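Student: Would you mind keeping the following structure in view while I ask a few things?
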Amino acid sequence: LGMSKSQGCFGYPLSIFFIVANEFCERFSYYGMRGILILYFTNFFSWDDNMSTAIYHTFVALCYLTPILGALIADSWLGKFKTIVSLSIVYTIGQAVISVSSINDLTDHNHDGTPDSLPVHVALSMIGLALIALGTGGIKPCVSAFGGDQFEEGQEKRRNRFFSMFYLAINAGSLLSTIITPMLRVQQCGIHSKQACYPLAFGVPAALMAVSLIVFILGSGMYKKFQPQGNIMGKVARCIHFAIKNRFRHRSKAFPKREHWLDWAKEKYDERLISQIKMVMRVMFLYIPLPMFWALFDQQGSRWTLQAATMSGKIGALEIQPDQMQTVNAILIVIMVPIFDAVLYPLIAKCGLNFTSLKKMTVGMFLASLAFVVAAIVQVEIDKTLPVFPNGNEIQIKVLNIGNTTMNISLPGEMVTLDSLSQTNAYMTFDVNKLTSINISSPGSPVTAVTDDFKQGQRHTLLVWAPNHYRVVKRLRLKKKENKNQKGMEFVNTFNELITVTMSGKIYANVSSNNASNYQFFPSGVKGFTISSTEIPPQCQPNFNTFYLEFGSAYTYLVRRKNGSCPDVQSFEDISANTVNMALQIPQYFLLTCGEVVFSVTGLEFSYSQAPSNMKSVLQAGWLLTVAIGNIIVLIVAGAGQFSKQWAEYILFAALLLVVCIIFAIMARFYTYINPAEIEAQFDEDEKKKSLENSNPYIMSGANSQTEM
């Protein structure tokens, strides 16, 4: 041991620094990938909000179910060190696979900017996510415990400080990655067509995971490695199973009742183990209501990010990406934990209030419930500003006159007169069954009836340029999901020949005469574009700039001749930009983070204080299990609750948590706090006495050796 003493640093074992650095990189990798995941689903795979939310929470639930597996492997087979190394390799591969899955050019053989076979990308990313869930979950229970193993007896204070450092490393990692990866995501990259740069945004976390693995292996020579201790979880499960089986066998009146159902295991297991399991079971019973808190908490990465995507990110000169809003949580955690510990709790104690762990957790639940009420209020504000899309049996029509004369268009119930190069102010909504006739006319020419199979549930643009010339363009890509944080752009060609427009790496190829291109989507900002056509004289300037594109907006740019020769553009707004500012989300993040501080940090301390030392891993697994079940609750509620309005879902979650909070408060009232160390000490004493009696039979057995537990 002389060796390990000399390798200390500030009185800490040197190996600790490798473990903290490893944790920092691993959390950076995990949160960076998880932060952009929901937008990857909605933007790259074009899944709708509910599907994306479901897959996201399935993944998070898996990440919190696999720790049980990791603990089993480490305790009964490989030991902590080898488990961390082997599962980190799996993890790194998973991160690399999901990065590859987001490479557009992988299946984009015709180079049009959209993957030709999405299922390949989906399959790859699902394999990647499965490997990541196995990796991150598997090492989760090992890393912190392995860190704790590095300390000697009598270094409790330092060990506790290590856990604080460890928690800080987690938050620093998640904070940095939720700022950085969204910045990488909005870069444009690609071989043939430029796209949002998901490969880079997923690739950087993959690289950091590899770094984390290397750092951890570098410290190998310094670690204290213990042999696998045998599987405590298995032992607990076997004891409980035996107790239930035994109780069931002796269920007739002939057998005297026992004080606790676990006492039926006495025939086979020693009293110390049974008493330890009793302590664990009492804490586990209190865990039953906890998943509801996590169901709300983990929606920061799904529903709240999707909510931010319908908002405006401009805060002063900065423009914030929707997935960067999650950093608010990490920033607030770093600020709030010290404030609560150093200021708030001592103040409450000074007022003579006994603010016990369980009371804190009840307050945490209440705050999270409140956060969702605030989220619902923000959602109502957003809904007022969002464009209205047609329902199932409705269609929407906008008329755009691209000709040189004034046109009259008669629609069911209204007559519209449009000057040259102008459009109707908004999309007009009609019931499919009532859409009888649409007629076009211009002064001194016959009336033309528009015949077209309008697709229900969709938007259409009616292009007119002469009394008997019109075209109906279906707005296939302008559905709800596209007006997230994307800026849509389409071009209408009034030339007689084909035109091609190139705009920041994306190409609108061969737009035919008097026709509209498809929409393409861009990050915000000013974009330059170039128009090319055989009709443009060589002396003309073919380069143009858009004005500043904001979150959620969509525009039509009309390409026309100026003074009969050179091209010119005129813009029309199809969807106005998001106006509700993302800063409005800060109050809900603040409430939820305060809830997390008093709930999560306290919950772990409480669990540790109420459990015998050798059962910490069992409780850790139970705690993580509540997180997994919380994510499964989101799946069920979001799946079954098919709400037409998002705010209603928020209110439902808030109400559910409030009910659970009240139940938990009642359960907490009946809980009596214990000191596991005293109970353990009592057992040690009893054992000493027993061994004394066995060696010296003349001492009368003391009355108190049969202490009632």
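Yeah, the Cβs are placed from backbone N, Cα and C, and that goes for glycine too.
TrEMBL does not curate its annotations; it predicts them automatically.
Pulled these features from TrEMBL for this protein:
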- 693-709: compositional bias 'Polar residues' (COMPBIAS)
- 686-709: region 'Disordered' (REGION)
- 28-47: transmembrane segment (TRANSMEM)
- 53-74: transmembrane segment (TRANSMEM)
- 81-98: transmembrane segment (TRANSMEM)
- 118-139: transmembrane segment (TRANSMEM)
- 160-180: transmembrane segment (TRANSMEM)
- 200-223: transmembrane segment (TRANSMEM)
- 279-297: transmembrane segment (TRANSMEM)
- 328-349: transmembrane segment (TRANSMEM)
- 361-380: transmembrane segment (TRANSMEM)
- 589-609: transmembrane segment (TRANSMEM)
- 621-644: transmembrane segment (TRANSMEM)
- 650-671: transmembrane segment (TRANSMEM)
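Have a look at these and tell me how they're positioned relative to everything else.
Tutor: For the transmembrane segment (28-47), the residues of the chain that approach it from at least six positions outside its boundaries are 53, 55-56, 59-60, 91, 95, 98, 102, 118, 121-122, 125, 132, 136, 173-174, 176-178, 180-182, 185, 196, 198, 201-202, 204-206, 208-209, 212, 301-302, 305-306, 309, 322-323, 326, 330, 481, 484-486, 521, judged by C-beta separation under 8 angstroms.
Long-range neighbours of the transmembrane segment (81-98) within the same chain, counting only residues 6 or more positions beyond its ends whose Cβ lies under 8 Å from a Cβ of the stretch, are 26, 29, 33, 70, 73-74, 124-125, 127-136, 138-139, 142-143, 146, 202-203, 205-206, 209-210, 212-213, 216-217, 220, 223, 225.
Below 8 angstroms of C-beta separation, residues 26, 30, 33, 40, 44-45, 59, 62-67, 69-70, 73, 83-84, 87-88, 90-102, 106-107, 624 of the same chain, each at least six residues beyond the ends of the transmembrane segment (118-139), sit close to that stretch.
Cβ atoms under 8 Å from those of the transmembrane segment (160-180) belong to residues 12, 16, 19-21, 23-32, 35, 144, 147-148, 151, 204-205, 323-324, 326-327, 330-331, 333-334, 337, 601 of the same chain, restricted to positions at least 6 beyond its ends.
Listed as Cβ neighbours of the transmembrane segment (200-223) (distance under 8 Å, sequence separation of 6 or more from its ends, same chain) are residues 4, 7, 13-15, 17-19, 21-26, 28-30, 32-33, 36, 40, 81, 84-85, 88-89, 91-92, 95-96, 98-99, 102, 146, 150, 177, 180-182, 184-185, 187, 189.
Through the fold, the transmembrane segment (328-349) approaches residues 31, 167-168, 171-172, 174-175, 178, 300, 355, 585-586, 589-590, 592-594, 596-598, 601 of its own chain, all at least 6 residues removed from its boundaries and within a Cβ separation under 8 Å.
Under 8 Å from some Cβ of the transmembrane segment (361-380) lie the Cβ atoms of residues 292-293, 296-297, 303-304, 307, 580, 584-585, 587-589, 591-592, 594-600, 602-603, 606, 645-648, 650-651, 653-655, 657-658, 660-661, 664-665, 668, all in the same chain and six or more residues away from its ends.
Among residues of the same chain six or more beyond the transmembrane segment (589-609), those with a C-beta under 8 A of the stretch's C-beta atoms are 167, 283, 290, 293, 296-297, 300, 304, 325, 328-329, 332-333, 336-337, 340, 357-358, 360-361, 363-368, 370-371, 374, 616, 619-620, 622-623, 676.
Listed by sequence, the residues of this chain that lie at least six past the ends of the transmembrane segment (621-644) yet keep a Cβ under 8 A from its Cβ atoms are 50, 53-54, 57-58, 60-65, 67-68, 71, 137, 140-141, 233, 280, 283-284, 287, 290-299, 302-303, 603-604, 607, 652-653, 656.
Away from its own ends, the transmembrane segment (650-671) comes close to residues 282, 285-286, 289-290, 292-293, 295-296, 299, 303, 356, 358-359, 361-362, 365-366, 368-370, 372-373, 375-376, 379, 637, 641, 643 of its chain (Cβ-Cβ under 8 Å, at least six residues beyond either end).
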Student: By Cβ distance under 8 Å, which residues at least 6 away from the ends of the transmembrane segment (53-74) in the same chain are close to it?
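Tutor: For the transmembrane segment (53-74), the far contacts come to 34, 37-38, 41, 47, 80, 83, 87, 129-130, 132-134, 136-142, 228, 231, 233-234, 298, 301-303, 306, 617, 620-621, 624-625, 627-629, 631-632, 634-635, 638-639.
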